[in-house]
Amino acid sequence: MGDEKLSRHTSLKRARSLSESIKGLFKPSGISGSNNAAAPSSRPGQDQAHSHQTARIITSNVSSPSISPVHSPVLQAAPKHHKLGVPNIAKLSLSPSREPSLNSENEMFSQESFISEKDEDEANLLEREDLQNKKEEKARAKHVRSKEAYVPHHRYTGGSDEVERQPRERLKNFPQNAGSSNPANSNANHVLDQENNFSIDAMLDYDEESKLRRRNSLGVRNHSNRTRSRKNSLSTPRSPPMKNGNDGMNSNATNNVGNGTGNRIYMRGRNQSDSISASSLPKFQEIECKCILDLGHFKVFENGYHEHSLRVLPIITNNKNVDSGDEKDADASVNSGDDGDNDSEANMHKQKSVFSLSGLFKSHKDGNQQQQQQQQQEENGEQINLEKAFSIIPSQRFIKSQTVKKSRTSNLKNGNNDELMKNDGKNIPQIVNPNAAVGAEELKLINALSEKIRKGLKSENTKGNNGEGRSNSNKQEDSDDTEGKAGTTNDDTSHKPCSQKYGKYIGVVGAGAYGVVKICARCKTAKDVLPYSTYSNGKKLFFAVKELKPKPGDQIDKFCTRLTSEFIIGHSLSHPHFEANAMIAGNVSRTTPPKHVFNAPNILKILDLMEYSNSFVEVMEFCASGDLYSLLTRNNISNESNNGSSRLIQTVKEGSGSPLHPLEADCFMKQLLNGVQYMHDHGIAHCDLKPENILFQPNGLLKICDFGTSSVFQTAWEKHVHFQSGAMGSEPYVAPEEFIRDAEYDPRLVDCWSCGIVYCTMVMGQYLWKIAIPEKDSLFKSFLSEIKDDGQFYLFEELRHVSSELNRLRKIALYRTFQVDPTKRITIEQLLQSSWMRKTKCCVVYRPLHTKVSK
């Protein structure tokens, strides 16, 4: 009896501690008042009632169907292999009439882990069910000693259906203060303890199984919490904080238990709608990258990237006709004899020296004299009238050209190699290189243009001033040539004059050997879709119009050949090709790329060729920042505002210029090499690369122009590259093998040498030498001797870069580029794959092309 009192006293202390913790975790509820109706008036009785209520809250909740088994506390059942069932170990372990079990620590852990997740309302119902279980245990206590199998009522141990189907009204007939010191319970617990100690192995297995169930239960609960959190909110950390803190969360859990929705006990955060608000999405923190180098036109940031901001030509920014949206103002600039045009014409003449377009025309000794003659012609009204210049390119020629190029490659793919294309009854050889820029359709166009040019020049010489009628007759011939063809319709803009197609004349930007270069501008229309074919200031599109006239004494055939070759090569390179699926023996092209995959960003677009009288007009893409020569020799004296103050740009001596920053020069070099490689892939070598033939857009996009002296080293009917002989281009950029008499050379290697000279000009601000002949140039002679004796050149060794590694890689590439023996010289493709170029960050992202030209 003393032992029973001591055990009861110990249980009361434990009940007080647990009841106090429950009172701190749960708020008082109105329902809880009804649970104390049958409680005794004595203080120990109340504590004992609380102790039993606490035990029931912790252990008996598994019998409630409203609680999900995933979130239920872990029950400490007997090992499965034992033949006797254990009625309720977790519940009996709190009884004062038994000794503490071996797993009491695990029981306390289970109780304290989940006690905060129960509700008082549910506890009242569970208390009544527990009283019913106590009564049933008394009735079955007699059968325990006979070792009859006891089947527990709850579902985890295969409970009886009769117990679970009993009406809830019968719970009222059972006393709520049933003591735990019942002799039947004491005997049952004694037998249970004896059976639990039946085997040490069984107890160890039971202990491990209990830990595993607890660990799995916690894992499933955490996983379900994360799943619910993702369903109700995009992410828990991103949800706005709750006003009531944890109180709101606990109240939600309490309400969910009371409503029988146990699956929502572990909700975190507030409920949200199915739609996601933009305010709940994570905001991208735009970190402004620090600029570590600012040269005005070139900026370098700390992440290694750079930005070009080249200055737009003053003829665009300062011209009133450009800013004005009235076409009458632009039209007034055409008639130079008007009184209101004197100031505009004077302004244009002052701006001519800003943009060097000598690359568009070959330099000659009488350039200044011809420019004066052109100005005199403009003053006398003898300049080409753009309103009477019409295109001599048949509108259906290029539509048919696209179809022929498509069929050309399809015939190769289908094995129709024996089919020969015919042109006006003449057989054309078999196509073996569909990637070539010059093919059957280009050949037909060359023949047609040559015939028209010759006819126009001869008729002008014989008829005198009847050029206007001849131009109109050509227009009628082109119209008759395209009419009546099946599946073709006349384009609305094909026979419009130059002023209607490309706008009004606004000024002159340069002069050359065969004429001048003017700028035309027109307002944008709905048909102009991005990307534009030329420069735009947002309101208007600008076009460069190159006027070509034969010089006195020039042969017609020579002028005709230059004009047609320049236009055909430029037009073919600057427009998309359609031979995409060609499969050639030993040379696999690409596999179904987009049709415009061949369109190169570094090739100046040639748009149209027009004619008026004995003059011709080539319409091109306009580059608003001028050429590389103008960039290197930018303005001898100029004032630029810098935060309200003016700074004077250093005066540049004649023959030298301001070198570019190494990173800027590297970017331009990479663009130049990609453009030249694109030409080589299509069987064309430029043969006259120099700063005057390299144009720029304000964002730093490089454009290669002037294809008048370009060499077609491989056509569509040639399998191998054919060499050429004779010096071509400007002397400072000509390779040494070109000066060898009667010697043939590879034009692709000549372009590589010229690219190296152009790069050295960018970083040095001057030429390496005037001519690559040792007898005529002492600097080139010293270069040869130093390379032969020391294996290095002092100018290359004095070059500096932003890092020693880049400087070392650049020197290696330069020495390989300036190999006097062309057989040892690096190619453009190899130079692009060098470590120097791979480490160079370029503004243009290039799609890798795998087209190759047969060697």
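Each Cβ is built from the backbone N, Cα and C atoms, and glycine gets one as well.
Positions annotated as phosphoserine by Swiss-Prot: SER17 (among others).
Residues annotated as phosphoserine in Swiss-Prot: SER19 (among others).
As annotated by Swiss-Prot, compositional bias 'Low complexity' applies to 57-74 (among others).
Per Swiss-Prot, phosphoserine is recorded for SER68 (among others).
Annotation source Swiss-Prot lists phosphoserine at SER72 (among others).
What Swiss-Prot records for 125-139 is compositional bias 'Basic and acidic residues'. The helix, strand and coil residue counts that DSSP assigns across the compositional bias 'Basic and acidic residues' (125-139) are 15 helix, 0 strand, 0 coil.
What Swiss-Prot records for SER160 (among others) is phosphoserine.
The feature compositional bias 'Low complexity' is assigned by Swiss-Prot to 248-258 (among others).
According to Swiss-Prot, the phosphoserine annotation covers SER273 (among others).
Swiss-Prot lists SER324 (among others) with the feature phosphoserine.
According to Swiss-Prot, the phosphoserine annotation covers SER333 (among others), on the basis of similarity to another entry.
According to Swiss-Prot, the feature phosphoserine maps to SER336 (among others), an assignment based on similarity to another entry.
Here Swiss-Prot flags SER358 (among others) as phosphoserine.
For SER391 (among others), the entry in Swiss-Prot reads phosphoserine. SER391 (phosphoserine) falls within a strand when secondary structure is assigned with DSSP.
Feature annotation from Swiss-Prot assigns phosphoserine to SER395 (among others).
Mapped onto three states, the DSSP output places ALA511 (ATP binding site) in strand. Residues or ranges marked as ATP binding site in Swiss-Prot (evidence: sequence analysis): VAL509, GLY510, ALA511, GLY512, ALA513, TYR514, GLY515, VAL516, VAL517, LYS546.
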Counting Cβ atoms within 10 Å of each candidate's own Cβ, which of the binding-site residues VAL509, VAL517 comes out highest? VAL509
If you count Cβ atoms within 10 Å of the Cβ of GLY515 (ATP binding site), leaving out that atom itself, what do you get? 25
One should report the C-alpha separation between ALA511 (ATP binding site) and SER391 (phosphoserine), rounded to whole angstrom, as 22
SER391 (phosphoserine) and GLY515 (ATP binding site), Cα-Cα, nearest whole angstrom: 18
If you draw a 10 Å sphere on the Cβ of ALA511 (ATP binding site), how many other Cβ atoms land inside? 23
How many whole Å apart are the CA atoms of SER391 (phosphoserine) and VAL517 (ATP binding site)? 18
